[in-house]
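Marked as repeat 'LRR 2' by Swiss-Prot: 32-54. Here Swiss-Prot flags 78-102 as repeat 'LRR 4'. For 149-172, the entry in Swiss-Prot reads repeat 'LRR 7', with the evidence type sequence analysis. The repeat 'LRR 8' feature in Swiss-Prot is assigned to 174-195; the stated evidence is sequence analysis. Taken from Swiss-Prot, the feature repeat 'LRR 10' covers 222-244, and the record attributes it to sequence analysis. Annotated repeat 'LRR 12' per Swiss-Prot: 268-290, in sequence order, evidence recorded as sequence analysis. The feature repeat 'LRR 13' is assigned by Swiss-Prot to 292-315. Taken from Swiss-Prot, the feature repeat 'LRR 15' covers 339-361. The repeat 'LRR 16' feature in Swiss-Prot is assigned to 363-384; the stated evidence is sequence analysis. Summarising the annotation, Swiss-Prot assigns repeat 'Gelsolin-like 1' to 523-600. Annotation comment: Swiss-Prot describes 759-832 as repeat 'Gelsolin-like 3'. Sequence annotations record features per position, and here Swiss-Prot assigns repeat 'Gelsolin-like 4' to 1168-1243 based on sequence analysis.
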Amino acid sequence: MSTGVLQFVKGIDFSGNDFSGDRFPHDVEQMTQMTWLKLNDSKLEQVPDELSRCANLEHLQMAHNQLISVHGELSDLPRLRSVIVRDNNLKTAGIPTDIFRMKDLTIIDLSRNQLREVPTNLEYAKGSIVLNLSYNNIETIPNSVCANLIDLLFLDLSNNKLDMLPPQIRRLSMLQSLKLSNNPLNHFQLKQLPSMTSLSVLHMSNTNRTLDNIPPTLDDMHNLRDVDFSENNLPIVPEALFKLRNLRKLNLSGNKIEKLNMTEGEWENLETLNMSHNQLTVLPDCVVKLTRLTKLYAANNQLTFEGIPSGIGKLIQLTVLHLSYNKLELVPEGISRCVKLQKLKLDHNRLITLPEGIHLLPDLKVLDLHENENLVMPPKPNDARKKLAFYNIDFSLEHQRKIAGQMTSPSSSISSVHSGGARQDALARRKEFIRRRKQQADQQSADKVIQGMSKIAGVGAALTEKQQEEEERQLEAKSAVNWKKNIEKNRRHIDYSDIFDEDVGSDEGMWVWEIENFYPSIMDEAFHGQFYDADAYLVLKTTREASGQLRHAIFYWLGEHASLDKGMCSAVHAVGLRNHLNATCRTQREEMNDETEEFLTLFGEEIVYIEGGRTISGFYTTEKPAHLTRLYRAGVNGTAVEMEPVPLSVESLDPRFCFLLDAGETIWIWSGYKSRITVSNKARLFAERLNKRDRKGKSEIETCRQARCPPEFWQALTGNPDKPQGAIVEHVPEGFVAERKKLYKVNIGMGFLELPQVELPKGIAKQDMLGSKGVFVLDSNSDIFLWIGKKANRLLKMAGQKLVVELHQMIDRPDYAQVYRETEGEESMMFRSKFAGWDEIVPVDYTRTSDSVQRVPDLKVIVKKDNMMRADLAALFLERQPSMSYEESEELMEDCNYDLELMESFVLEGKKFVKLPQKEFGIFYTMDCYVFLCRYAVMPEEDEEGEDEHDEDDKPEMDFKCVVYFWQGRDASNMGWLNFTFQLQPNFEEIFKDKLEVVRMYQQQENHKFLSHFKRKFLIKRGRRGLTKNLGGKWPELFQMRANGSSVCNRTIQVDCQANQLCSAFCHMLRIPFKEIEEDGHRGVVYVWMGKDSDPREHEFARQVASDLVVRDDDNDFRIVEVQEGEENEEFWKVLGGKKKYETDSSFVKHTRLFRCTNEKGYFAISEKTVDFCQDDLDDDDIMILDNGDAVFLWIGARSSDIEAKLSYQAAQVYHASMRMKANEKPRKFMLAVRGRESCRFRKCFHAWSKMKEPMG
């Protein structure tokens, strides 16, 4: 149904819609008064026929479409002023020739098409002021075009195949902009340019310009403001350019200029200078005189530190500075004085450091420094350091060192930057001066305000006192008057003749009125005494006294369920009736079921109550519309949740997505089995906000997975509780993108309406695009919203309501598309979700302690005391745990074995523990569990005072204790521990009673006392003991012997039999069984490979381990061969798969450190693992920081939280910065280690690295 508003539409922007095929709205032909129309990016294949009926159309845009021809319809538009059809598929034959004869045609844009020649009859468009033929394949320009179009102001012929221009171009004396870039123009000498005295823009990039074909008379063109001679291989800057006084923008990039020979006083008005991709080594000093310069591009040159003027800080208007791809090692200090600098690019240089003031630039948004390998950033000052606070934790290096008890020395760079007192810089002093001046000014103004208010208050108090005295005198002078006389005196003379008849109350009788639509309505006497409980009534009883005077009694009766307006109007009209009758009686209120005796006697004490109401209310009654169940497909775009409406059917479901089913009382979140859990969680949060804002918390939110959907879900979706028979299949196309949103603004004028679009950068709408005085329409194709501002006038609101109805009907939409009305301040959640960042969630600081939340008296004290969350990073600043010397290790081993009396070994076979043969003592398997029973002597306590009183025969007896060590291999299951606790441990407890201690240990996490009992002969093999003994030993095996921090921790562990597992810092054993027994009876060989950097004192133990443990009990006929690194034979490398690159740098052994970052204590804390760490110390619940001396790695566990990851990243940066400050430490790189894909630089720090264990669940 048409609203009749289309005939008043003056212009509309349909850009971004899909008008392919026959989808163009036919209602456009009703817009007979339309003067402008935009159809950009609308997938048009031909000019719509409806345009031929828009005879008043003046401006038409059809850019970015698929037009092949514009014949027919354009010729029917006699008033056409501008034709913009760029970026189509037009050819010369597809352009009608008669449109150029239109007298009013002024703008012609045919760029980015397939034109090979200038359209026919173009020379007849004599009124044209804009002609754009760029990005075509035009080879020549007819002479007649330049001869006739003498009124042109803008001419763009760039990106064609022009070799020359007609000489008649000199007739374009009014031309202001000429763009000829990317044309050969071999035969165009620019001799005609001086005749174009109005020319202000000249673009001739990549047009084969040389010093010969640039005329010196170019300096006569005083109006030139924008010149582009880039990509022309010019050796120097043309001399004529230096004389252009009004030049604002100059582009000379892509040439071969080696020197910029400018002098002082030239280019004083220049704002943009582009000298990129040249061969400059120096920027002239007079560049700093260009005080209006805002953008300077000098990338891809040969600039050094000496080539940048030291006074560059004088360019106070500079906002963009590009110095990428040069040879800069330093940059002048003056750059930090360019206070308006917003973008600074210094990438791909040789920078060592930057000026300290770089952190003080207030407007700097982009600082590109990548590909500067040796760059060391200066420390941040105090003001900038505050921005390092993350989750209320200050991660600045100085603050963390201070907490750790290591204050920076006065000579350090940090101390010099943050020192106060006399060493404050000029900026800090200026800030302090401004603060004092402002405080002083505020104090003076405050004193003046207080004085003025005091005077006003004094005068006011005096006046008030006089008025009170005057009123008291008047009251004393007044005599007591009757209240009836007061009523008569103050009675308002209001005419009630239109409400009450003249004969009302003129004689004895009773009148009853019912309140209907704010006014009393007289009732017939037959209905007297019948009252509806939802109505209100007015009753008048008039009697004649003996004196002949009339006496009136006025009542107003209120039903129990009467509406507010009826009760109010009955009271008001009762007073009006009394004034109408000039009565002196009171109006008496009567309520249902509480009537007075006087009122009941009027009806013979018989009153009938009737349920309901007989009259209508004067108020508008609102009827809540029935809820429309809708289905939305949820998607995540960054942090925003996008809800795309889909048809309400099972066929809309897709197992890869999450869906929100809004059924009114219940909101369902349905998740497909292939959907992402993050999308489901965000959809749930969206439903929570939808319920809170739109439903006031009255809806229930339910979630269900595809595999288990309750009948209630299917009932809400299909109307049937049974699960549909058909399968839910993937049907949404890959890479599906929802249709672009369009935001219209409704404009109204004298007799016309306009509907332009608001430009959405990158298709993103923001809340600040809406204005309180305006009316906007948001069109997302499947939904259309009308938003009305609070201050919008009534006519604009009405126009918006009618236009949104027409817009909904005109454009082809799905059947489930709906129109919604939104009011400013009361927007629905679905409307808000269409705008980026529109979320009114109350910000909550979850890092605040409960005490600080409960305390409210002094907010400043709370903020000052609790603004920093507790964090413990002290471990990062401690020195690395020193390695134990060989002598100390020997002494520790001796002490640990001193009290050992007995050691029995057991191994789990099947479900029982059996005694381990003595020849296998010290050999472990990764899939087995072992039990060691150790008996220790306990020395008796000596009596210090009564030592001499004991006789020699009375020596105290030696006591003992038993420690049971349970050792579990890395690949063993927990069943071994369960068997031990239920079988063997009870027997030990029964025997040893309270003298028993059980210690459970895991592979490579043994304590020193346990390791000391094996005296460095500790071998760990892969696999299971029984299986390996029977079937193993027939293939080569490689073992690595390694001691971390102490020789007590010496372990020999089997690794992959590959050459890249070798390391020059350790000894290795390579066991090679022969296929056939040699003549000398040897069945194999064991190579003991000595790394060049290995400890010579460990070589003897390597030989013992090889002969006692690596050689099997039945392989005594294996010969042992000692090999020094670099002296290997061919057999050695052949068994290892050929000679390959292995780790030869042993320095990492002295630097390896492993830190654990966790929140398990209730706050963020970092602790350091012992030097003897292993792969299983990498906890999937936490974040780890590993330092190998060359790089600092951040390793993220599979189950760690996002907060832990963010805090650990900041802490790792603090550690990285602290190591850089140490004089004896070499610089380290900051790298990320991805779990399961760790690099060899990371893995080499762990003894016998193997496959990562997958976390449970």
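All residue numbers here begin at 1 and follow the chain in the order shown.
Even glycines carry a Cβ here, placed using N, Cα and C.
As a summary of secondary structure, the repeat 'Gelsolin-like 3' (759-832) carries 27 helix, 19 strand, 28 coil according to DSSP.
Mean pLDDT, taken over the repeat 'Gelsolin-like 4' (1168-1243), works out to 90 on the 0 to 100 scale. Residues 55-72, 108-125, 130, 132 of the same chain sit 6 or more residues outside the repeat 'LRR 4' (78-102) yet have a Cβ under 8 Å from a Cβ within it. Helix, strand and coil residue tallies for the repeat 'LRR 7' (149-172), in that order: 5 helix, 3 strand, 16 coil [DSSP]. Sorting each residue of the repeat 'LRR 4' (78-102) by its DSSP state yields 7 helix, 3 strand, 15 coil. Within the same chain, residues 230, 245-262, 296-304, 306-309, 311-312, 314-315, 322 sit at least 6 positions outside the repeat 'LRR 12' (268-290) and bring their C-beta atoms closer than 8 Å to a C-beta of that stretch.
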